[in-house]
Amino acid sequence: MGYLRNIGAIAKGMGITFSEMFKPTTVENYPDGPGVLRGAVFQERFRGMHVLQRDENGLEKCVACFLCAAACPSNCIYIEAAENTETNRVSGAERYAKVYNIDYNRCIFCGYCVEACPTDAITHGHGFELATFNASNLVYRKEQLLSGKPAHIGANEIFASDSREQQRLDQKAAK
């Protein structure tokens, strides 16, 4: 009698499995699905990759106060400060961040750096495509953070050196 109950339970489970096998999938094909460059919609509070801001005069807002680095629980922000001169004015304050790196190998996107910044120099953008084959590509420099554009956009850019992949990307762009 116990065997019949077990067989019935197995048949019920297999019935559910087989019914799910023939339903249409709801998975988007990455990287061809929604993304930053393909019109994805993000909530205002989305915490994506960081962006360093400039003021209305085009100067950097970062004054190298190190509060963002101090607030970071994962210690992924590295800053080196330098003094502004009259001939070389980078920010509106006495100092500026000569080096500003964020290591996305360590970043947990908590937002503490954004909250700690007194000048609103660092904000969260909408970038989320961080996939790469080399961990050193995930250390973003000041120039990459100021532009607001990631150094690489998804996996397609990584394979661009392969001539066949480059031809496929060119054909796709021409459509």
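Glycine residues also receive a Cβ, built from the backbone N, Cα and C atoms like all the rest.
Owing to the predicted nature of the structure, the values given are computational and were not obtained by experimental measurement.
Residues or ranges marked as domain '4Fe-4S ferredoxin-type 1' by Swiss-Prot: 50-82. Through the fold, the domain '4Fe-4S ferredoxin-type 1' (50-82) approaches residues 89-108, 110, 112-125, 140, 142, 145-146, 148 of its own chain, all at least 6 residues removed from its boundaries and within a Cβ separation under 8 Å.
Sequence-distant neighbours of Cys62 ([4Fe-4S] cluster 1 binding site): residues of the same chain at least 6 apart with a C-beta under 8 Å from its C-beta are Leu52, Ser91, Tyr96, Ala97, Tyr100, Thr119, Ala121, Ile122. Positions annotated as [4Fe-4S] cluster 1 binding site by Swiss-Prot: Cys62, Cys65, Cys68, Cys117.
All protein chains included, Cys72 ([4Fe-4S] cluster 2 binding site) registers 20 other Cβ atoms within 10 Å of its own Cβ. Here Swiss-Prot flags Cys72, Cys107, Cys110, Cys113 as [4Fe-4S] cluster 2 binding site.
For 98-127, the entry in Swiss-Prot reads domain '4Fe-4S ferredoxin-type 2'. Beyond its flanks by at least six residues, the domain '4Fe-4S ferredoxin-type 2' (98-127) meets 36, 40, 42, 46-53, 60-65, 67-82, 135, 138-142, 145, 148-150 of its own chain at Cβ-Cβ distances under 8 Å.
The shortest Cα-Cα distance from Cys68 ([4Fe-4S] cluster 1 binding site) to any of the binding-site residues (Cys107, Cys110, Cys113) is found for Cys113. Confidence annotation: the domain '4Fe-4S ferredoxin-type 2' (98-127) carries a mean pLDDT of 95 in the model. Here the C-alpha separation of Cys65 ([4Fe-4S] cluster 1 binding site) and Cys113 ([4Fe-4S] cluster 2 binding site) works out to 12 Å. Recorded residues Cys107 ([4Fe-4S] cluster 2 binding site) and Cys117 ([4Fe-4S] cluster 1 binding site) have their alpha carbons 17 Å apart, per Cα-Cα distance. There are 18 other Cβ atoms within 10 Å of the Cβ belonging to Cys65 ([4Fe-4S] cluster 1 binding site).
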